[in-house]
């Protein structure tokens, strides 16, 4: 399985870079996982609704340019479906079983995802109702993908 994670912004925090690198190393036994960063749109702290939409649209265009046409796209969104780790694992396994070998996860910037990206997505998932920094979400996602592969193969880790 080829898994791509498209995310907005450059990761600067060393502890997150190290954590993600560790999980990517572990994941290499199960899948090819790549992380693609697109530039975030510079914006002032306080934005009108129209300005927020404009920022999300610009970031969204950059995201969409990185998604392969044949990819199954999963957007991480606060309004997405919440799943247990076991459900997430089963769903990833089903994608592989039914020939969806290219899966792209999308993590938006601090303002979220554009409507165009959400429309391109095949599904939306949420890792809870908490708001997490999008940089931290990368680490959470790669850990959950790793956990999913361990669960599917019946390997110890997830308890």
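Using N, Cα and C of the backbone, Cβ positions are placed for all residues, glycine too.
Lifted from Swiss-Prot, the feature list:
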- 76, 108, 127, 128, 129, 130, 131, 132: S-adenosyl-L-methionine binding site (BINDING)
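Where Swiss-Prot records a feature, it is marked here on the structure.
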residue: 76; record: S-adenosyl-L-methionine binding site; Cβ within 10 Å: 24
residue: 108; record: S-adenosyl-L-methionine binding site; Cβ within 10 Å: 25
residue: 127; record: S-adenosyl-L-methionine binding site; Cβ within 10 Å: 17
residue: 128; record: S-adenosyl-L-methionine binding site; Cβ within 10 Å: 9
residue: 129; record: S-adenosyl-L-methionine binding site; Cβ within 10 Å: 8
residue: 130; record: S-adenosyl-L-methionine binding site; Cβ within 10 Å: 7
residue: 131; record: S-adenosyl-L-methionine binding site; Cβ within 10 Å: 9
residue: 132; record: S-adenosyl-L-methionine binding site; Cβ within 10 Å: 14
Expressed in angstrom and rounded to a whole number, the S-adenosyl-L-methionine site built from 76, 108, 127, 128, 129, 130, 131, 132 spans a maximum Cα-Cα distance of 16
Could you tell me which three-state DSSP class residue 132 (S-adenosyl-L-methionine binding site) falls into?
coil
